[in-house]
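Peer 1: These came from TrEMBL, pasted as-is:
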| type | residues | note |
| --- | --- | --- |
| BINDING | B:ASP58, B:THR104, B:HIS154, B:TYR158, B:SER230 | FMN binding site |
| COMPBIAS | B:437-456 | compositional bias 'Basic and acidic residues' |
| DOMAIN | B:25-383 | domain 'Luciferase-like' |
| REGION | B:433-456 | region 'Disordered' |
There are 2 protein chains.
Amino acid sequence: MSRQIILNAFDMNCVTHIVAGTWRHPQSQAVRYKDIEYWTDLAKVLERGLFDGLFIADVLGIYDVYAQGPEAALRAGAQVPVNDPMLVVSAMAAVTEHLGFGVTAATSFEHPYSFARRMSTLDHLTKGRVGWNIVTGYLESAARNHGLDTITPHADRYDIADEYTEVLYKLWEGSWEDDAVGTDPTRTEYADPAKVHPIGHEGRHFRVPGIHLCEPSLQRTPVLYQAGASTRGRQFGAENAEVIFIGAPTKDILREAVADIRARAAAAGRDPYDVKIVNSHVIVTGATETAAQARYDEFRSYTDPQGALALWSGWLGTDLSRFELDAPVEVTDNEFLKSSVEMFGQGQWTLRDFIDAHAINVDGAMSVGGPSQVADELQEWVAETDVDGFNLTNVITPGTFVDIADHVIPELQRRGVYKTEYTEGTLRHKLFGRGPRLPESHRAADYRHVTQEVSR
Amino acid sequence: MSRQIILNAFDMNCVTHIVAGTWRHPQSQAVRYKDIEYWTDLAKVLERGLFDGLFIADVLGIYDVYAQGPEAALRAGAQVPVNDPMLVVSAMAAVTEHLGFGVTAATSFEHPYSFARRMSTLDHLTKGRVGWNIVTGYLESAARNHGLDTITPHADRYDIADEYTEVLYKLWEGSWEDDAVGTDPTRTEYADPAKVHPIGHEGRHFRVPGIHLCEPSLQRTPVLYQAGASTRGRQFGAENAEVIFIGAPTKDILREAVADIRARAAAAGRDPYDVKIVNSHVIVTGATETAAQARYDEFRSYTDPQGALALWSGWLGTDLSRFELDAPVEVTDNEFLKSSVEMFGQGQWTLRDFIDAHAINVDGAMSVGGPSQVADELQEWVAETDVDGFNLTNVITPGTFVDIADHVIPELQRRGVYKTEYTEGTLRHKLFGRGPRLPESHRAADYRHVTQEVSR
């Protein structure tokens, strides 16, 4: 069987996730993000298209770096207002059978004890279809509104994340033995206390002496996603993540990133292919190339440069309002501008040029074309970079995903590189084909000994 | 129109909420608490019966007071394992149109900034059908697992709750003006920054400078529930709650409590009837009195004294394992035992007698009988105590609620004391008939000025 491509749909509980302005497109349903029917409709579209999962981004702050205030972000609806991503999952789970749900949550703002329960609850409710995108939180405004003077420094955030995940692994993997809860319907006791173990965690940042509040869910630990691009972030991902998101604009950049992550995973004692790597990709498609190009032009007419500047300023932590829009800019000190040059070539760029070039293809790669052209391109990305699949940014929602389901996925299926039906079982089993639990080579498996030590 | 009775269904995301042992009854679906279908089925049962709301209790710790360990609670499934209550709401909202959802959350373990977003998200998703049961958390084990040395003292917990709710009211009521988000479908800007205000909260326990992350939901502040029985708790309830839960075993106790709460509400500048008061009540019913009595006997045969002792020890903060089960006990120093004496009369009581007397009617009142007998009793409670309705403890779930929907509610409807259809609109409007928002006399309304001050 040919290598199968992974396709994740990427969305957020707000009107503008990545592409600013297109919520105003007449077909966009983004303003319905507050309605439960938006989410149940979206889930049904994705399951019909056999998408692997819906991945919901999140921030717990606002984009107030641009012009040192939230005004531009509010006007553009740029990730503000933003509702909680976890709370829409159960409604979607009730109307689907196979779709995976990745929810983003930071290790900085909630105690791991209650967070562990939230994820176990979702894993129970979805029957093992939930994933967790581990982020450390990058917005200063999020830290300030949680009572901190400023955001914790980057390296410290990852040290905290190391211990945070350790607490979670102990709770999820080590606290309850598989048969702690009986299954005999005539039993008189619900759980066997001899098989439920306090984790006794005493660390630098957290102290959790007790047992996990939840009985084991199908996956125990949810499927672990991560997107850290820094060296420290990539190291954390290689040690923990089962799916890593990259936003690489060129095949050269992606190939190098993929190789680096697989090498780090191997160095951490894991099979390099136990980490699935997916790259951000925008697909604008239609029945024909002409239709796709027309759709692209139409999308372009709705983009919003001010909203884009608000988002980019937040992502980069740099107030882009200090650049003149039409003056040439130095690219050497700016990751965003540097990556644009790698995409579009050297030249006399202005900030307006960059924003314009990134209007639709914000953070990653893009394919505009009919079914066979897009399929060709996706296959080339896989063949030339060793990437496992794509995290599909929406330009309009759910329209982008409808287009992909209608045009691209059938073409990939014809070529034998995309599943024609879901595998039964949990999200982890669908991705790796080895059952619901993390493999023994994963860091979390170390904490399974909690059970044995205490019970013997 | 006769005074209408409020009926809330009371449940928890676990197998044993209040009545220990009955999860083993063949008709109990409690062991399905992990399945989304359990919750969507329950919601449909309750909406069919025109229940006002489903109220989901919660703890973030375990009952380890009895015999100084969690063993008895684990065996009985007594509120452990326990899943998150918020995460089941959206699935139930998707299959109902009117049922209200009260979720319990403590002011001790999550920062108000992220909690405010969770509740706003639920209010959006349910179209204004969500309530929040404000608790301060009473389990030592919850505090310890959240990194505290011990639980915060009772009075301090309420001081924190005062400030916690202040932060929430500022975010919910004061941050976004009603028309901050446009409604014109052709508008080019999503929100008007001039109408979105940072709350600038600097308090003793919390510092939240920024704006609320969510645009206004229908109710803004969810309907506020509370159950504090202490003087301090009752004062907090009178100042904040719109619905107060009481667990009074006799009409005399309830009458006094109701009068006290209404007097405190009036002293806080509120209409005494702006606080709806509901008492815990167990209803065991059937088509006839004989059928009801048979059901009661059947339920009794499934009760679990050890599970009850685990729960009572946690509620009282007293290890009841130090009492001999069959020796007479002093009742003077123990609230639980005292209330039992008020219910059942003075006498030579043993702990076994108390547990036995409370096996089904754990914490409040009870009616066992056919439709007209139960309806008579409920009407007497209302007439003699000025209570507004009942919080219905389940003995088996959803069976208890099915029985009430099939037998008691039709009888109350015939007597004109129970609605025959839902009122359109939000949960708050359904309860008070004055629209979706808190009245001006409520403490939260003080924080609406945030908007005006900053914007003028």
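The chain as shown is numbered from 1 upward.
For all residues, glycine too, the Cβ spot is worked out from N, Cα and C.
TrEMBL entries are annotated by machine, without manual review.
Looking at the shown structure, what environment does each listed feature sit in?
Peer 2: Listed in sequence order, B:HIS154 are the same-chain residues at least 6 apart in sequence whose CB falls under 8 Å from the CB of B:SER230 (FMN binding site).
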Peer 1: Provide the number of Cβ atoms within 10 Å of the Cβ of B:THR104 (FMN binding site), excluding the reference atom itself.
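Peer 2: Its Cβ has 21 other Cβ atoms within 10 Å.
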Peer 1: Grab the pLDDT values for the domain 'Luciferase-like' (B:25-383) and give me their mean, rounded.
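Peer 2: That stretch averages a pLDDT of 93.
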Peer 1: Three-state secondary structure of B:HIS154 (FMN binding site) from DSSP?
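Peer 2: The three-state answer is helix.
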Peer 1: Excluding near sequence neighbours, so keeping only residues 6 or more apart in the same chain, what lies with its CB under 8 A of B:TYR158 (FMN binding site)?
Peer 2: B:THR136, B:GLY228, B:ARG232, B:GLY233, B:PHE236
